[in-house]
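Visitor: One structure is given below, represented as structure tokens, and several questions about it will come after.
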């Protein structure tokens, strides 16, 4: 027996993806194949292979106790609409070119409809300390049953209006609310639009002031919580660039590690004279430039001993005073 566990009819938009799952049971374990018949009148069934349709088709199969197979089609086009058929057979002659198999192929079908994706225009406007995000479906689309506004996985607003236009208002400045926002139309299938609030990097140091001991490794870190991500980072000290390639004063003690919205500067073998001061972490993205300052203080290795040495000195002074006092004190008179 063979059957498709996915819904027998699925609607998808162009550029979406679809996944169908098929399972077959038999002894010996059956082979599973995938076939497709388009909606054109003269089109016949053709077998699908892993990597077909310019590598948009992926087929994964397992044969353990019973047979399972999954077909995944990415970046759908209107030509992907049609009937998908899962075929299963365990007859030894099932793939013979001339012999007809004794056991017929067991077949299960699912119909996939690929609908042209409507154009959704997104826009953001800053007015009087507010950000107004809007989406509008520019091509007619029936059966809109409501809208949702989302930021990541968080639902910000929902309604049951049938309009092609929807909006969402944010109190504050663009720098405080940058990111990717989605407007979701409750249709079948679901339509999504995107509104990006983009700003120059809003660079922040993990700590405005860092401390390190002489001879140890100092670590300075900056991050950028805003959108879009940083394309390049640079570190400066007193107007001179610090990098693994362009080395300050030829010392070669600097290591920079940058990944996306985070950068880290490591300074090996800290020196009080050379490394104390302000460090600038500069970030650049497609919308501009941002910078932050981290102050580094380098302490002597003996700095931790000063409180202890102070206590020892106080004790020595006290003992000395007591000793001198005892030496100079007159002996007590002997009583009769």
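Glycine residues also receive a Cβ, built from the backbone N, Cα and C atoms like all the rest.
Annotation source TrEMBL lists domain 'Ig-like' at 16-104, 118-198, 201-297. The transmembrane segment annotation in TrEMBL covers 304-325.
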Visitor: With DSSP as the reference, give the number of residues of the domain 'Ig-like' (16-104) in helix, strand and coil.
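Guide: DSSP classes over the domain 'Ig-like' (16-104) add up to 7 helix, 42 strand, 40 coil.
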Visitor: Could you count the residues of the domain 'Ig-like' (118-198) that DSSP puts in helix, in strand and in coil?
Guide: 3 helix, 48 strand, 30 coil
Visitor: Can you break down the domain 'Ig-like' (201-297) into helix, strand and coil residue counts using DSSP?
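Guide: Tallying H, G and I as helix, E and B as strand, the rest coil: 7 helix, 53 strand, 37 coil.
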